[in-house]
Amino acid sequence: MSKIRVYELAKELRVPSKVLINVLMDEFGVEVKNHMSVIEDEDAALIKELLAGSEANSELVAEYEAELAEEVNNAAKKKKKRKKGSEDDNLEQDVEVIEIGKTITVKELAEKLNKPVNDVIKTLIFTGVMAAINQEIDFETAEKVAEKYEVAVYEKEEENTLEEFEEETDVEEENLAKRPPIITVMGHVDHGKTSLLDAIRKSKVTSTEAGGITQHIGAYTVEVNGETLTFLDTPGHEAFTAMRARGAQITDVVILVVAADDGIMPQTVEAINHCKAANVPMIVAINKMDREGANPDRVKQELTEHGLVVEDWGGDIIAVPVSAKTRENIDTLLEMVLLTSEMQELKADAGRKAKGTVVEAKLDKGRGAVATLLVQNGTLHMGDSIIVGSTYGRIRAMFDDSGKKIKSAGPSIPVEVLGLSEVPAAGDRFTVVKDEKTARNMAEARKEKIRQESFATSHRVSLEDLYSQIKEGSVKELSVIVKADVQGSVEAIKASLEKLSTDDVKVRVIHGAVGAISETDITLAAASNAIVIGFNVRPDNNAVAASERDGVEVKTYRVIYDAIEDIKSAMIGMLDPEYKEVVLGTAEIRATYKISNVGTIAGGYVLTGKLVRNADVRVIREGIVIFESKLASLKRFKDDVKEVNAGYECGFSVEKFNDIKEGDIIEAYTMEAVQRKEL
């Protein structure tokens, strides 16, 4: 049965602790010694009924208060007759209450208790805690110490939590003013992203130094027709998606660069899907128009195959033919960016405390932690205290994109700052707080929260818990990434999955492509809370590590029907995961030997885990599964063995398969029975 302390109940009922003690003893016959005594919840409930606001009960409280007042007056008269400095030990003062945060140093606790530090340390030792004067202790430990001194402790609610800052919605419409748009450039490798950025920078960056030398801080601003544009100089869509995975939606417009002589390429498709998933408007820059084989109409045709119809052909996608080399139509492209941003009516309040996102960060040998911050709302000033993810600091110096020292930066302006305690991660949100102590406390709270979340079960969507999440209303849309060995399979799967959509949940294929499952696929899945499905393909080592780190579910199949049935069963709550595939180990083929009447024997090196004789195996060539069978034999030197661990060489043969080649990967796995889950 739970209990409550007298002072806690007194605070809840808004009556003095002494009044409550008298009521307990006189009216209920409950023996209590002082405000730290505990009473049963049943007694507390009865007292709440008695003292819950009626006039009679108010009179009862007033009666006891009058008696107490008389006692106090009598005690005061006696006190005058005593020597100066003596105390009335018989008069119990009202409850002494202190408030502390989730943690407090021993020195601060001693000051709050008004006790010598040595006494507090001794009390800590008696409670089994060894702590030095500047060491932090948690709230529970501080409460035990305070209890020894008969002092009540309340846990102070953080005045400003990061979540409250993030969720601030009290926007005054009249304070909003136009802000510059933030642009990211994406596209396939070698299609001219960097060249285009350089062309824009050279033609439009306002030079403040001889030669127009600018400092690379990951972002820069340009002037177009009196308007400012902010460009993020990030390495393609990987950084864009990594930021989005951390909750940082900072881009207003995306320039998709497509080479006029090359057309749509795999990374172009990825970039298109990333933009669609983020719901960010796109402008297509058809680059390399100076080349002989340039064919913009072919690019426009290929764009339509991915749901992007340009304005020339009756669509709403702006396409501008440009040349980064000759700077042809660069001005037109920038004007189109301005037009697109004007349609969005981008606004921010420059008068409030600054909030924004980390674009990039590094540890500089001479300057310490250096971060490029993009202000998204408010104005950032030198000397401001900020919380950035799980780090904090006070801005000691601030530089613009030309390396010039500045004192403040408004919305959509990138700045490089010094003064952070640690190097933050790209995509971390920053918020200005009232002082450095508040920032430190919030950073510590965030670190503790991250530590606890690392032990908690991942809340990423998975087939096993999909139905229950749908019922709870936490999943309205199931996002899927499809990878297969041939394009026909990708199209068939996309069509079949999208037909499964119901009123409760919509199935959406956000990306489909040919090839092995890569780390980029996992990053997109993490950002979009998606499931990755592979057909006759496997994830590479980086993808496996990323999926485990980010909690992304990767499912692989050999038969399309099985995948459709799995997702369908999950949606109706009938998925029955009786067996789970467990990868035992992988080995790389380094030599092959053909032996008459036996077949092909492979010499391999075990990369991870172990190979077990008679285990199920799959042969993987360039990321694609080409055969599934069993290990027919397993030898170490000339001896038959049951298993070979990672780091050792071995010889083996695969049952009914002789087309083994050097460089093939053998993946051994087993199907383990797992306990059935109720969905």
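Keep in mind that glycine also has a Cβ here, set from the backbone N, Cα and C atoms.
Database features, via Swiss-Prot:
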BINDING   187-194, 233-237, 287-290  GTP binding site
REGION    212-216  region 'G2'
REGION    233-236  region 'G3'
REGION    287-290  region 'G4'
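Sequence-distant neighbours of M289 (GTP binding site) (same chain, 6+ apart, CB under 8 A from its CB) are A260, P296, P321, V322, S323, E328, N329.
Counting residue by residue with DSSP, the region 'G4' (287-290) contains 0 helix, 1 strand, 3 coil. The Cβ of D190 has fewer other Cβ atoms within 10 Å than any other of the binding-site residues G187, D190, K193. Secondary structure at G187 (GTP binding site), as computed by DSSP, is strand. Mapped onto three states, the DSSP output places K193 (GTP binding site) in helix.
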